[in-house]
Amino acid sequence: MHFELIKEYRDAFDEEQFKEKYSDVLNKYDYIVGDIGYEKLRLVGFYRDDKKKVEFDKRYSLIQDYLLEYCNFGCAYFILRKITKEEQKELGLKPEEKPSE
């Protein structure tokens, strides 16, 4: 699986830390938000806004609300977008077992 780093606040993204924390449960999401509180990384998944039959509060457009309501004020965070299979083919990327940026 491949990801694109689309937002990083306060140098939050650490690839090794991300790989250690990543779980297969997150494979179904289109976006992954990582926030750091008390020196620990937490990962939460979100879906594209146009995806049907998903929880309202798990949509991409509500990531800012999540950061304001559930994260420590001013915490370091990042947002990753999962690169689709079609994009992977266009870019010549090979599928991977472990996630990478």
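In case you wondered, yes, glycine gets a Cβ from its N, Cα and C as well.
Heads up, TrEMBL stuff is auto-annotated, nobody curated it.
Feature annotations, courtesy of TrEMBL:
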type	residues	note
DISULFID	Cys71-Cys75	disulfide bond
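In the three-state DSSP assignment, the secondary structure recorded for Cys71 (disulfide bond) is coil. Note on Cys75 (disulfide bond): other Cβ atoms within 10 Å of its Cβ, all shown chains, come to 15. The C-beta environment of Cys71 (disulfide bond), restricted to residues of the same chain at least 6 apart in sequence and closer than 8 Å, consists of Asp35, Gly37, Tyr77.
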